[in-house]
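To keep things clear, I will list the structure first and then write my remarks on it.
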Amino acid sequence: MNEFMMFSLVPLTVAIIISMTCALLGNFLVLRRQSLIGDAISHVALPGIVVSFLITGTLASLAMMLGAGVAALVTVVLIELIRRLGRVEGSAAMGVVFTSLFALGVLLLEWHGAGGVHLDVEHALYGNLESLIWFEGSGLGALFDPVALADLPPQLGRAAWVGLVVVTFVVVMRRPLVLASFDPDFAASMRARPALVDLLLVTLVAVAAIAAFEAVGSIIVIAMFVCPAAAARLMTNRLGAQIAWSQGFAVAAAVVGYLLAGEAPRWLGFEASLSAAGMIATVAGLILLAACLFGPCRARTGSAQRA
Amino acid sequence: MMETWWRALTFTLGYNTSLVTVGAMLLAAAAGMVGSFVLLRKRALVSDAISHSTLPGLALAFLVMGVWQGDGRVLPALLAGAAASAALGLWLVQRIGERTRLGEDAAIGAVLSTFFAFGVVLITVIQTLSVRGQSGLTGYLVGATAGMLYSEALLIAACAVGLLLALLVWRRDLLLLCFDADFARTQGFDTGRLDLLLLLLLMAVVVIGLKVTGLILVVALTIIPPVAARFWTDQPMRMVALAALLGALSGYLGVSLSSVREGLPTGPLIVLAAFTLFLVSFLFSPRRGVLASLLAYRRLRQRVHLRQGLLALGRDEPIFDGLTLKLLQRRGHVRRDGVATPAGLAAARDAEHEERLWALYRRRYPDDALHREHAGLTPIGQVLSADAIMALEAELPPAETAR
C-alpha cells in the first residue's frame, strides 16, 4: 500500500485526469472532424519548448508551457493563413505547418544538443509519467497531512487546474459549442458566434495538450483526443451519453494501461517496466477497436445494415 | 563552412555522401510524385497515419533480429517489418472509414496514436533487453543519414528508382482516379484497386524514407512539395513533375547542408528546405501566390475607384474619398482643388456611356453577361465585337438630361 501511495497514486491520478480532460474535448473534435488538430498541436509543442528554452535558458514549467502555447497559437494562425490565402486544402495546410515546425524544433535541439541540455525528442514523445513520485506519500495518513500534501508533484495540481478549466468551459459554453459543432451555419444565423467558439475550443485543446504534454508526453495526448471520443461515438446517438461513455473509456484506458505497464512484464516473468503512457494509449486504441467491431451505433446512418 | 557546403553541392565530398545525396533526391522526387496524387485525392494526412504506424513493425523486427542475430540493425528486415505494420495500419484506416460512421480524420488520428504508442511500449521492452545497436533505432524517429552504410544508401536509391518507374507507368490511371473516380468506374477501372495501388505506393515511399528523414518527418516529403507545386500550375501532370523536382531539390539542399557540420540532422534540414521552397511559392507564385493576389486586389480596387470617381464627375457630384481623388488627380481628370478638367469630363462621359452599354447588355443577354465578366470594368470594346456594340448603341435610350 505504501509503495502504491508513493509510486503509483500520483501518476495514476494525473493519467486519469488528463485522459478525461482530453477525451472531453475530443468529443467535439471528433464531431467536427477536426481530430487531427490535437495531433498538430502536440507536434509543435516541441519547437515551442525548445525556443522558449533558448530564449529564457530555463526548463521551468511556466516558460515551457508559455513557449508551447505560443507555438500552438502560431500553428493555428499559420494553418488558417495558408488555407485561406493560398487556397490549400485544410488537412494539407496542417501537414505543411506542423511538420515544418517540428523539423525546426528538432534542428534547434540538435544544434544546441552539444551543450548537454536535458531535453530530447524521446522525452517529449514518451513523457515521464513514472517519475512523478510522491516521496512523502508514506501511507494513507499522508493524504490528510498538509506537510506531505505540499510535497505532491506540481504536475498533479496543474493537471487538475486544466481539467477544471476545461470542464467549466464545456459546461458554460455547452449550447453554443454543440450548436457550432453540429451546424455552424445555423449557429451563425443565431448569433452564436461559431468562429469565436472554434477559436476557444482550439485554445483549450492547446492548453490541455500542453499540460498533458509535460506530464505524460504527446502520444497519449493524441490518443486521448481521438480514441475514447471516437469509441463513444459508436456507442450512442446522443451527445450527453457520448460524453459519459468517453469519460468512462478514458478512465478505463488510464487505469488498465497503467496497471498493464507496471504488471504485465512481471506476469511474463521478467523484471521491467514498460512505458505507461504508451500502454495507456494502446489500451485506448484497443477500446476503439472493440467499439468498431461491436459498438451498437457503429454503422453510418443510412448505410445498409449487415448481419 | 561555405566551402564544405559547396563541395557537398558539387558532389565532391566523397563517394558515400554523394550516394546519400542522390538517394535522398530520388526518394524525395518519388515522394513528391505520390504525394501529388494523394493531395489531389484530398487524403494528404493518410501518410501521417502510415508513417506513425511503422514504429511497432520496426521495433518488432529489431527485437527479432536482435534476439536472432545479436544486432537489430538490419535495414532490409527493419523495412519489411515497418512495411508490414504500416500495411496493417493503412488497412485499419480504410476499414474504419468505410465501415463505421467515423470520419477519416478520426480513423487517422486513432491509428497513428495507437500504433505509435504500441511502438513506444515495444521500444521500452527493447531498452530492458541487452540488444546491441539500440541507438540505431532512435535514428528512425528523426532520421540519420550521417552513419548510413553504402549498402543501405544503395538499397534506398534502388527502391526510389523502382517507385519512380512504377509511378510513370501508372500515372494516367492514378490521375483519372484523383479527378473523377465515378467516371473511372464507368470506364471499367477498378477504383478500389487503384486506390489501393496509390496507398501502397505511398506506403513504399514512407517506409523507404524512414531512414532518411525519420518517421515523423517523412510525412512532410509527401505533402509540402506537392502543395508548393500546386501554386505554379493548374495542369496535373505538370504539378506531379514539378512536385518531383521540388522534392529532389529539397533533398539535394537538405543533405548537402547537413554535411556542413557534424551532427546536423538530415531529416529536418530536408523538410525545412522543402518548406522554404513552399514559402517562396506561396508568396511569389504569379498565379496563386499571396503577392500576386495582393497586386490583383489592388488593381481591381483602383479600377473600381476610378470608375466610380468618373461617374461621380459626370453626375457633377462632389468626391470625398481620398483614394479616388488621388487616382483622378494622377490621371489629370481633376485639378488639385477637386474641379474636373476638360479631359476628366470627357473621360467621365466615356465612363458613363460604357456603364450604360454594360447595363443594357446585362439586361438583354443576362446569361452571356454572366459568363463574360462580372465587374463590368473591362472596356466593352474588348469583350464584344464592333457590330454587337453598334446594335447595343442603337437601342440605347437617349441620355436623360443634357448637360
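Every residue gets a Cβ built from N, Cα and C, even glycine.
These figures come from a predicted structure and were not determined experimentally.
According to TrEMBL:
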TRANSMEM  A:6-29  transmembrane segment
TRANSMEM  A:36-55  transmembrane segment
TRANSMEM  A:91-112  transmembrane segment
TRANSMEM  A:132-152  transmembrane segment
TRANSMEM  A:159-179  transmembrane segment
TRANSMEM  A:199-227  transmembrane segment
TRANSMEM  A:239-261  transmembrane segment
TRANSMEM  A:273-296  transmembrane segment
Chain residues outside the transmembrane segment (A:132-152) and at least six past its termini with a C-beta under 8 angstroms from it: 1-2, 5-7, 9-11, 14, 215
For the transmembrane segment (A:6-29), sequence-distant contacts whose Cβ falls under 8 Å of one of its Cβ atoms, 6 or more beyond its ends: 35, 37-38, 129-130, 132-135, 137-138, 152-153, 155-156, 159-160, 162-163, 166-167, 170, 177, 181, 201, 204-205, 208-209, 211-212, 215-216, 220-221, 224-230, 232-233, 239, 242-243, 246-247, 249-251, 253-255, 257-258, 262, 276-277, 280, 284
Non-local residues, at least 6 beyond the ends, that sit with Cβ under 8 Å of the transmembrane segment (A:239-261): 8, 11-12, 15-16, 19-20, 22-24, 26-27, 31, 129, 178, 224, 227-229, 231-233, 273-276, 278-284, 287
